[in-house]
Amino acid sequence: MNKTAIALLALLASSVSLAATPWQKITQPVPGSAQSIGSFSNGCIVGADTLPIQSEHYQVMRTDQRRYFGHPDLVMFIQRLSSQVSNLGMGTVLIGDMGMPAGGRFNGGHASHQTGLDVDIFLQLPKTRWTSAQLLRPQALDLVSRDGKHVVSTLWKPEIFSLIKLAAQDKDVTRIFVNPAIKQQLCLDAGTDRDWLRKVRPWFQHRAHMHVRLRCPADSLECEDQPLPPPGDGCGAELQSWFEPPKPGTTKPEKKTPPPLPPSCQALLDEHVI
């Protein structure tokens, strides 16, 4: 798929995410065994876990938004990754949006994050823990140059490379989305150990955070996984295509009506939203 087509799909997804959503009315996880249902951009979750807000290894940002819910696998991944980072003396992991208590569509900001298997993680690792005020109104660190062609050398740190690599090497991770310039820098820094780069995918924005996505849990029978990323490290022509100018005639698509929910998600809404 060429970059222009991908751009159109991203714009369509964004317009869907801005539609009104009833999912915010569900304020607590739906009881039951953990089940991720549907796809990452059209789904929900039963039996979500709450990420503990207090941890010595990570801090949760924007807790007032209450987007710190996810499948138990996601909670365990965050705890596992942040513990590794802490043990290596790299700093504190900053956790952004996961999902809402029952997953589902946001009213803006995300087209995915619907099945409890996605998390945004800042690409900075402070040595000093942030204050409550900093966590509520976090200042993102833009690692990408103004022209989007490369990372800012004074901001790019070996610890950030290691953070992304550790996440990509996790057994449950299927994709990590970062800005193309960040992917390019990872390709330059990786050396001969490159298998993990396959999971790191270039995507629009993502200049200050990585978006980590887990594979569908084996016992979530209604969860829809994406196809695996293409073979190889993704550092060749596909990556370079992201730096080409947009083709003439590219226009913004009309807003798209959200697709029907999976039946189990619709039934969940019908039961829990008045």
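Yeah, the Cβs are placed from backbone N, Cα and C, and that goes for glycine too.
Listed features, source Swiss-Prot:
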type	residues	note
SIGNAL	1-19	signal peptide
DISULFID	Cys44-Cys265	disulfide bond
BINDING	His110, His113, Asp120, His211	Zn(2+) 1 binding site
DISULFID	Cys187-Cys235	disulfide bond
DISULFID	Cys216-Cys223	disulfide bond
REGION	227-274	region 'Disordered'
Exercise. Near Cys216 (disulfide bond), how many other Cβ atoms are within 10 Å of its Cβ?
Worked result: 22
Exercise. For the disulfide-bonded residues Cys223, Cys235, which Cβ has the most other Cβ atoms within 10 Å, all shown protein chains included?
Worked result: Cys223
Exercise. For the Zn(2+) 1 site given as His110, His113, Asp120, His211, which other residues of the same chain have their Cβ within 8 Å of the site's Cβ centre?
Worked result: Gly96, Asp97, Met98, Gly109, Ser112, Asp118, Val119
Problem set entry | Sparsest-packed among the binding-site residues, when each Cβ's other Cβ atoms within 10 Å are tallied, from His113, His211 | His211
Seminar exercise, completed: Check: min Cα-Cα distance from Cys44 (disulfide bond) over recorded positions His110, His113, His211, Cys235 goes to His113
Problem set entry | Rounded Cα-Cα span from His211 (Zn(2+) 1 binding site) to Cys223 (disulfide bond), Å | 19
Exercise. Which of the recorded positions His110, His113, Asp120, Cys235, Cys265 has its Cα closest in space to the Cα of Cys216 (disulfide bond)?
Worked result: His113
